[in-house]
Structures are given as structure tokens and as C-alpha cells.
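Heads up, the thing below is written out as C-alpha cells.
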């Protein structure tokens, strides 16, 4: 396959790498710092921060999945990628993306239990149960994506082998197949529907959280309860809005300009890993305190 840079800026690839390089640096440093802070400070060894650790790990994995090919395309000008390497990269990107959806759902459950069942929080979300949830997320995402790889290996590719992005995405690969790829599209759509189900469950958890918060008489306690959800709520919007946009533009935007596909894919892959650590560092006093302690 031949990877593609940003449409219309082929002659400026070396300059385009500068903002991409900066985004990678911010994402790796931000999520790496979250991992270090939670690991070092024992007072952060709580379910809420264990889930944050999972989110940072997922964002770091998603960032590093695209790094090799983006680096080669924009810095070295090397566009070629073998089919097995493309499959591995596609698998990693979609696994970590699917994993992020699952982690956000687990974090929503954590906030629901903390606000709606505070007296049972420590008995429901024990360290062992959090570990089980993490293992379940890994198994769910890995096993769900394996059939996608198997289905792709059966497809012959006899058309133009030029992809739309400097990395491999499932939606991009199946359009190059020279046979009917309906089964691949349907399976990909099923995974999107599972992610939508995650979002629906997150929305339901927030409806129950808001109902519980509205039943609290003290305004101060209401604000305190909602403040613990702000970072997670923003992380949900940052992840699901670009995901919806990318799915819609790949399915219905065949006549859309190529730059729109590239921009939406880059927003989907780069914005959450950059903004999530910033959001949690700004809104979580415990993370701020841990970060200051680490720096000092």
C-alpha cells in the first residue's frame, strides 16, 4: 500500500511534520506523566485513578500506533507500507480506540457508584474488581477485532493501493478491495454500533447521576458531586464527537473533499490523547498535587 500525507500540502511535508511532532510530544509527555504520577503517589491508588491510568495507557497506545508511519511519511517521505504491517497498525489503532470507549464506560460506572451508591463504593469497586474490569476490556477489544483482520486477509486488492491517510484504517482499506466487501463493512458497522451502545450506557449513567445530584439539598454538595464528573464528561465528548464525524464521513461522504477525511481522522486520533491528560491535570486536585510533588 501507499500511504498519503495531507491533501494539497505534499510539497510542505517536512513543515507539516512540525505540528504533528509537537502533537506527539504533548500526547506522550502528558499521558506518560499521568501514568508516572498515579504509579508513584500511593494516595492515588484508588479505583477512580486506576481507571484514569487505563485511559492514559490507551491514549498512549493510540498515539504510538500511528507514530511510525506518520514519521516516515512526513519526515522521510517514505510512503510504502507492506500489507502485514498495515494490518498490524490497523489492528492496534482500532483496538486502542475501542478500548478507549470501554474505559470511558468503566469510568462512567465508577462515577455512578461514587455518587449514587457512595456507602457501597469501596465494597463494589475493590482493587480486584477493577483489575477484572481492565482484563475484561482487553479481552473484549482484542477478540472483537481479530475477525476484522481475518476478513481482510481474504480480500484481493487489485485497484489503486493508495490510502487516504499516513496510517492504516479499516474504512480506508476495504474501499480498495476489488471484490464485494459487504461482510467487512457490516462487521465494521457492528463494532461502531457497540461503541454507540457504550455511549448510550454512559448517557444513562449520567441521567441517573443528575437525578441523584438534584435530590441533594445543599448547593455546595451538588457542585462538589458534579465537579468530579466534569473531566470525564469532557473526555466522552472529545472522543465520541470525532468518532461519529469520522464514521459518517467515511460512510456517506464519498463526494466530500479529501482534506475533510484527513482532518476528521486526525482530529479523532490526535485530539483525545492530547486533551485528556490536560483536562484531568486541570480539574483533578489530587493529580495536580501529585504532579507538583513529582516536579518538586
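Cβ coordinates are placed from backbone N, Cα and C, and glycine is handled just like the others.
Keep in mind that this is a model prediction, so the values were computed, not measured.
Taken from TrEMBL, the feature domain 'G-protein coupled receptors family 1 profile' covers 30-280. The transmembrane segment annotation in TrEMBL covers 12-38, 50-75, 81-109, 130-157, 186-209, 230-253, 259-279.
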Three or more CB pairs closer than 8 Å, sequence separation of 6 or more: does that hold for the transmembrane segment (230-253) against the transmembrane segment (130-157)?
no
Restricting attention to the domain 'G-protein coupled receptors family 1 profile' (30-280), give the mean pLDDT.
88
